[in-house]
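Pulled from TrEMBL:
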- 80-100: transmembrane segment (TRANSMEM)
- 107-127: transmembrane segment (TRANSMEM)
- 147-164: transmembrane segment (TRANSMEM)
- 198-217: transmembrane segment (TRANSMEM)
- 223-243: transmembrane segment (TRANSMEM)
- 362-382: transmembrane segment (TRANSMEM)
- 403-423: transmembrane segment (TRANSMEM)
- 486-511: transmembrane segment (TRANSMEM)
- 531-549: transmembrane segment (TRANSMEM)
Amino acid sequence: MSDPAAAETPLLDDSVKGCLDFKGRPVHRSSSGGWTSASFIIAVEVAERFAYYGISSNLITYLTGPLGLSTAAAAAQVNAWSGVATLLPLLGAFLADSFLGRYRTIILASLVYILGLGLLTLSATLPSVTTSGAPNADNVTLNTSSMLQYQVILFFFSLYLVAFGQGGHKPCVQAFGADQFDAEHPVECKAKSSFFNWWYFSIAAGILLTLLILNYIQENLSWVLGFAIPAIVMAVGLLVFVLGTMTYRFSVKGDEESPFVRIGRVFILAIRNRKIASSAIATEESLKQFKFLDKALLAPDSTMEQGKVCSMREVEEAKAVLRLAPIWATCLIYAVVFAQTSTLFTKQGATMDRSITRGIEIPAATLQCFISFSILLFIPIYDRIVVPLARAFTGKPGGITTLQRIGTGIAVSAMAMVIAALVEMKRLQTAREHGLVDKPNVTVPMRVWWLVPQYSLCGLSDVLAIVGLQEFYYDQMPNELRSIGIALYLSILGVGSFLSSFLISVIETVTGKDGRDSWFADNLNRAHLDYFYWLLAALSALGLALYVYSARSYIYARRSTS
């Protein structure tokens with residue numbers, strides 16, 4: 001039986017429109033792109049996520065341990081670094097889309113990433129340098145203090161160098177992976193929708209390895225080894241990525257102006273023409289939103305002089321970008337909740353009974369593996385069961401719209417905060433019942449498995465909201481700005497981390513006045529993380545309501561199949 005899709009493509013010419021190979025030649029569908037190319041790209045992303053979570057998942061433990069920061073200060077530092085790491089992709093995406101291209105940006109960013117990881121490993125070796133045998137004890141103390149100061153400086157320099165590396169790597173690698181599927185081809189179009197699901201599945205597997213192996217090495221064997229392994233893995237990932245070069249499809253850049261210039265000109269002309277009557281502009285369905293931008297279609301003197309007006313397509317591009325702003329803003333509370341899994345959840349678990357057998361105790365940061373377990377469980381269910389069933393009813397390639405998927409994820413994250421608050425209330429009650437309120441170093445006799453539901457719900461929320469945001473921002477941006485689209489999705493998480501840091505700092509100041517124990521006291525048995533979780537649950541409910549309002553009025557870009 002013949003394939004209808006194949007019949008539409010001439011057998012002697014299966015070249016992919018708008019794509020070239022690494023030597024600038026036309027590429028053929030049968031020998032390029034698709035899942036073969038995507039697998040090489042997924043490999044480097046798995047390595048990058050292994051390296052990133054090898055640092056971020058246990059960073060709060062390193063800061064409160066070897067570097068001696070307080071819980072609130074460490075949480076603020078982690079959130080600040082995470083925020084920078086997820087905002088820098090805006091810069092990396094701009095460089096990729098405007099100058100370097102995604103492939104070259106991935107290569108350069110990976111090299112910076114490996115350098116940062118190498119220096120991070122070096123910083124962890126500095127405290128091991130001894131000054132024993134020095135003739136003067138005061139000199140020993142002075143040298144040790146100086147060494148620790150250099151360690152802190154080198155540590156944070158290396159940490160933010162890793163953030164810069166991720167800033168170029170993260171937005172480009174996913175967009176480059178999605179570029180390997182032709183949206184105009186019926187089979188590859190469906191495969192591209194699945195790509196975002198299996199992309200997240202693969203990186204969840206990499207993160208799971210980090211949490212199960214690397215956190216144990218860091219806390220029980222050596223922080224030096226725990227930082228060195230991610231550097232090695234990242235180098236191997238870069239090698240695998242380069243090996244796939246001959247199979248990649250590279251999008252062709254036309255001779256058009258930069259999309260940044262085109263979109264910027266729309267806003268400039270709309271502002272310049274704000275006083276001109278717009279009655280001459282044809283009203284179309286697509287122009288009903290942000291009608292003030294339609295004035296970019298008019299010349300200042302009401303004539304259509306060349307160079308003085310914007311085309312309908314350019315106005316549409318500007319509106320497509322502007323329509324994303326309300327969705328971006330209403331997802332910020334979700335991002336604040338997302339930031340807690342690697343900070344306060346970890347400190348919460350550190351106080352509980354984490355023993356597996358006598359003498360073996362799992363690191364608190366390893367509890368994040370339940371997020372990965374949840375992702376690995378739910379993505380196949382979603383992709384292979386939920387989507388086909390929903391597709392049969394709706395006729396949409398993704399089963400449901402991306403905005404519906406994101407909204408469901410936000411609702412699940414609110415439920416996770418409710419569960420987290422109830423579990424923390426139970427933990428505090430247990431500490432009081434056993435007289436451990438003023439014994440923060442004594443393990444609370446409450447099994448750490450109580451935290452599994454909140455971690456699992458966060459994983460399910462990621463499957464829905466994070467993957468949905470990735471696909472939504474890639475699909476709804478103009479073709480030339482898809483790296484920027486991925487960066488915009490990441491910037492939600494970045495700004496959310498900053499908001500989390502700001503919120504924690506304000507609450508720490510307000511609730512810790514006059515010598516009182518704050519909500520984030522170092523002695524968590526006197527703290528009130530439960531209050532903070534209830535606050536986040538309430539804010540999540542408010543954020544969901546605002547999101548639903550924005551999503552209902554959203555008009556999808558014309559090319560979208562959502």
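A Cβ is built for glycine as well, from the same backbone N, Cα and C atoms used for every other residue.
Counted over residue pairs separated by six or more positions, the transmembrane segment (147-164) shares at least 3 Cβ pairs under 8 angstroms with the transmembrane segment (80-100), which defines the two as touching. Cβ atoms under 8 Å from those of the transmembrane segment (198-217) belong to residues 42, 45-47, 49-50, 53-54, 57-58, 174, 177, 225-226, 229-230, 362-363, 365-369, 371-373, 375-376, 379-380, 383, 459, 462-463, 466-467, 470 of the same chain, restricted to positions at least 6 beyond its ends.
Same-chain neighbours of the transmembrane segment (531-549): 327, 330-334, 336-337, 340, 344, 406-407, 410-411, 413-414, 417-418, 420-421, 424, 504, 507, 519-520, counting only residues six or more beyond its ends whose CB sits under 8 Å from a CB of the stretch. Among 80-100, 223-243, 362-382, 486-511, 223-243 has the largest number of CB pairs under 8 A with the transmembrane segment (107-127). For the transmembrane segment (362-382), same-chain residues at least 6 beyond its ends with a Cβ under 8 Å from one of its own Cβ atoms are 53, 57-58, 60-61, 197-198, 200-201, 204-205, 207-208, 211-212, 215-216, 218-220, 341-342, 345-347, 349-350, 354, 356, 448, 451-452, 455-460, 462-464, 467. With a threshold of 8 Å between CB atoms, the same-chain residues lying at least 6 positions outside the transmembrane segment (486-511) that come near it are 72, 75-76, 79-80, 82-90, 92-94, 170-172, 174-175, 324, 328, 331-336, 338-340, 343, 469-470, 472-474, 477, 518-520, 528, 532. If one looks beyond the transmembrane segment (223-243) by at least 6 residues along the same chain, the residues whose Cβ comes under 8 Å of a Cβ in the stretch are 40-41, 43-48, 50-52, 54-55, 58, 62, 66, 106-107, 110-111, 113-114, 117-118, 120-121, 124-125, 128, 210, 214-215, 217.
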